[in-house]
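All remarks here apply to the structure that follows.
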Amino acid sequence: RMASPALLMRVVASAYSVAEKAATIVRNVMAAGDLGIVDKTGANDLQTKADRLVQISICASLAQKFPKVTIIGEEELSTDEVTEELIEDGHCEEILKKTCPAQYAGIKEEELVIWVDPLDGTKEYTEGLLDHVTVLIGIAYGGKAIAGVINQPYYNYEAGAGAVLGRTIWGVLGIGAFGFQLTEAPAGKHIIVTTRSHNSTLVNDCISALNPDSVIRVGGAGNKIIQLIEGKASAYVFASPGCKKWDTCAPEAILHAVGGKL
């Protein structure tokens, strides 16, 4: 009989389904109309009901299947009552069919850390800039991002009625990244993607010094990495402290999986 898939592939396959469930929660909270906004440290650091429910859903679902993996989410939450409808038990078959890279084949649960940003681009979410929003699940081993899942709950939302909403991008170092069309940025053009809501003199001076042909300002670290892999920008520049591992883990793994650098 076939050997059972390596742990890493099982984690990524589960994270894929868990991210799709998260997207449904994000869309449902928005559709219900009560975002339950809380200011964490100020107007640019918001948390909504979606951030809270999604984090509980992702962390509880993955912890149930992989009890010894360390899971770290952005939001500080009391161990809320996890209700059954927040648990996602499925996995993506397609991912399990891929061969795990040899260097990751022997990984044990206790050696993995999963970094979760339940809703990256919260400010944009509250302002209705829905295409900026992503759900990020990054997987690290030995202090390095090796796999990631990015879901865009509102991908395609401007395509009108009948369009399929949302998509899930995933990648593993040594396998590649899937769920999008890898595209080179326009040749001979320096297009920078940067922050929309965390501007500072330093960030702006740094960007000016690079003398770009154009600058795209959007929300969300996950969204900015997608701008790169889809060829809309040539570099993501944010010369400022503030990014955390839950912002960068999944996007870094996906960028590295397709030959980019972070």
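Cβ coordinates are placed from backbone N, Cα and C, and glycine is handled just like the others.
TrEMBL entries are annotated by machine, without manual review.
Keep in mind it's a predicted model, so treat the numbers as computed, not measured.
Here is what TrEMBL says about this protein:
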{"type": "BINDING", "residues": "E74, D117, L119, D120, D247", "note": "Mg(2+) binding site"}
Exercise. When you tally the Cβ atoms that lie within 10 Å of each candidate's Cβ, which of the binding-site residues (E74, D117, D120, D247) has the highest tally?
Worked result: D117
Problem set entry | 8 Å Cβ shell about E74, D117, L119, D120, D247 centroid, Mg(2+) site members excluded | D51, V116, P118, G121, T122, T134, V135, L136, G220, A221, G222, W246
Exercise. Does L119 (Mg(2+) binding site) have same-chain partners at least 6 apart in sequence with Cβ under 8 Å from its own Cβ, and which are they?
Worked result: V26, T48, A50, D51, V54, Y125, V133, T134, V135
